[in-house]
Amino acid sequence: MNPFVLLILFSSLGLGTTLTFASSHWLLAWMGLEINTLAIIPLMAQHHHPRAVEATTKYFLTQATAAAMILFAGTTNAWITGTWEMTDMSNPLASTMVIIALALKIGLAPMRLWMPEVLQGLDLTTGLILSTWQKLAPLALIMQTAQSISPALLTTLGLLSTLVGGWGGLNQTQLRKILAYSSIAHMGWMIVILQYAPQLTLLALLTYIFMTSAAFLTLKTLTTTKINTLATAWSKNPPLSATAALVLLSLAGLPALTGFMPKWLILQELTKQDLPTIATVMALAALLGLYFYLRLCYSMTLTISPNMNNSTTPWRTSTTQTSFSLALLTTAALTLLPVTPAILVLTT
């Protein structure tokens, strides 16, 4: 794609998200979301592959439906209350419509059916943008309107997302679908704690972006999109395979890695709020995710692809991709747990 076109598209992505962040008016927020959607669509369809075009079409239809619902909810609220301000969502119907539309935007269960299919049709770079940057604007709107939304509805969406994200990833063989279900589960963790400790939602989002970016960039470097091709990863790059396994375990939330920090603090906060049942269900749902991450780790580091040929195989050629961003994100995804006390001080 032409570099100038890419510059315009990435600038539009940044503009749309910034506009949504800065707005307190529903029309401006809707405009930011629409700019965001229209900017990523050419990036999704740039390879002209039937799967990419199909994924782009599905994404456009779901995002257009969600945007229409947001506009309708904002209009309904303005009609009843006389204001377009986000902070004045006193009408239960409008606030419920808004959270359902925003849940559809970011792929929360049960409005999550588009997410794995769309991500599967994209290349890894565009999938990374969809899994990280495209979540920011809708999550900002959810955080701004959370106080006017029914707590039971938020908790239900969060619990369903963690369970569906865990169950859905169990029988997948495509890595992009596994990362899509991982995204759904992580969104559930963020939503369930939002009404009690919004700062923990921000912390979970930040660590999620670090870990998911590291995972996508690792798969891009290894040029693999299926579990069975992960067996050749060790032959390509043993150090990268080892760090990739640790990044996946960090996504699962194992102790001593960065991913453990938000899950630990969220479970602690839920227990403080006298919600032990929800905390237990969330912890058990995390075990489902741990299983399919361990599957990936096993394929990557404990199995070696059969190779009866003594000649230099194609996958052992050195890569020309830049690795600075991958190294930075991998370090962040693995080593931030010791700074938890400092983060606690900043967030309380």
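Each position is counted from 1, following the chain as shown.
Keep in mind that glycine also has a Cβ here, set from the backbone N, Cα and C atoms.
Features of the protein shown, as given by TrEMBL:
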| type | residues | note |
| --- | --- | --- |
| DOMAIN | 23-288 | domain 'NADH:quinone oxidoreductase/Mrp antiporter transmembrane' |
| TRANSMEM | 57-80 | transmembrane segment |
| TRANSMEM | 92-109 | transmembrane segment |
| TRANSMEM | 149-171 | transmembrane segment |
| TRANSMEM | 178-196 | transmembrane segment |
| TRANSMEM | 202-219 | transmembrane segment |
| TRANSMEM | 240-258 | transmembrane segment |
| TRANSMEM | 278-298 | transmembrane segment |
| DOMAIN | 290-344 | domain 'NADH dehydrogenase subunit 2 C-terminal' |
| TRANSMEM | 326-346 | transmembrane segment |
Same-chain residues at least 6 beyond the ends of the transmembrane segment (178-196) whose Cβ lies under 8 Å from its Cβ atoms: 106-109, 112, 115-116, 118-120, 127, 131, 135, 139, 142-143, 146-147, 149, 151, 154-155, 157-166, 168-169, 172, 204-205, 208, 212, 215-216, 251, 262-263, 266, 269-270, 273, 278, 282, 285-286, 289, 292-293, 296
Sequence-remote partners of the transmembrane segment (149-171) [C-beta within less than 8 Å, at least six residues beyond its ends]: 89, 92, 95-96, 98-99, 103, 108-110, 112, 116, 177-178, 181-195, 278, 281-282, 285-289, 291-292
Positions whose Cβ lies under 8 angstroms from the transmembrane segment (240-258), at least six residues beyond its ends: 182, 207, 210-212, 214-215, 218-219, 221-222, 233-234, 264, 286, 289-290, 293-294, 296-297, 300-301, 330, 332-337
For the domain 'NADH dehydrogenase subunit 2 C-terminal' (290-344), the mean pLDDT of the predicted model: 76
